[in-house]
Amino acid sequence: MCHFNELSIEIESKNLRSAKKIFHCPYEECGKKYSRPSLLEQHLRTHSNERPFVCDYTGCSKAFYRKSHLKIHKRCHTNVKPFSCHYDGCDAQFYTQQHLERHIEVHRKPKPYACTWEGCDECFSKHQQLRSHISACHTHLLPYPCTYQDCELRFATKQKLQNHVNRAHEKIISYSCPHESCVGHEGFEKWSQLQNHIREAHVPSCSICGRQFKTAAHLRHHVVLHQTTLEERKTYHCPMEGCKKSFTRSSALKKHISVIHEGNMAFHCDSCGTKFGYKHMLQRHLERGTCKKAHKPYINECGIKHDGIEGVAIHDQKEKELSSNLVSDVAKKIINEVTGHGYKEAREYSCSFPECNYRFKRLYDMHRHLNSHH
């Protein structure tokens, strides 16, 4: 009865783990499913060939699906091998646990082929390994020559010869472009070459509005904007009592709490000392020229205060220009507002959504429009 209960518990535990895997891979013929969105996102990179984790060592541009894989790779640059073989007389060390386990299997295999040279106790599981050992360690013969013209190198094993040929004489196409519409490229030797090609020739773009993005991940986040309303995307609610604010990103919620509820003002004007919670508010303050410096102001003939003597001179010049052009400027402004003339020229940033004609002078204003209206 005890064994039956243990078996029932184990089966039930497996069923619970399986039931929690509610995030399915959307690709056809792929039945993978995961318990967390982050795991599904990692898996999707194997379909899209997206490797966002790139080695930053000079001269190395290898990229990986996961951050943990990049961490392991960097050990080859620092030569850190934390996994050591525990067999007596074996000092082998490895970068990963998997490589160590693969090496240990070599120790466990039967080794019927023993070296007969005097003083040598080496044994091998394959006869070819024994022959290579004798050539490399005892006779120092290199029986495998390179057959390419003008190449006189020789090697102790077939594998070393093949590695040399692949590296020095033959272009091995290891990576092909996954885009079906890509023509004119046979393939690439290195993963980094393929990634550079994809970034330049296949820029991720939205099929709905045409907007382009640096990575496929940014595009996936953008597509959600078309599929859901703004209120549906605001899933991060402020927990403070009496505050009904909600946000589309956790970072925006954290910033809101820090500024509005905790009063953290990280940005300040160097001239007047005014503090702001957001960088764009400081930028707006500087652009509008409303900054009041702490030093004693200069007063011109009109009785208007200025931050410096230069301000007085500029003001006087503007007064002269204004007196001569006031009527024409006012008339032009009224005409522009009525006719819409000059609206497009003054606003270089346009909304990328179809049937939306809003335009903006600043990129920041356009982003605020996208978040609040689309």
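Backbone N, Cα and C define each Cβ position, glycine as well.
Sequence annotations record features per position, and here Swiss-Prot assigns zinc finger to 23-47, 53-77, 83-107, 113-138, 144-169, 204-226, 236-261, 267-291, 349-374.
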How does the zinc finger (23-47) divide up by DSSP, counting helix, then strand, then coil residues?
11 helix, 4 strand, 10 coil
Reported mean pLDDT - the zinc finger (204-226):
79
Summarise the zinc finger (113-138) as counts of helix, strand and coil residues per DSSP.
12 helix, 4 strand, 10 coil
Is it the case that the zinc finger (236-261) and the zinc finger (267-291) have 3 or more CB pairs under 8 Å, with pairs at least 6 apart in sequence?
yes
Summary of DSSP states over the zinc finger (144-169), given as helix, strand and coil counts:
11 helix, 4 strand, 11 coil
List, by number or range, the same-chain residues at least 6 past the zinc finger (204-226) whose CB is under 8 A from its CB atoms?
41, 48, 50, 52, 233, 352-354, 370, 374
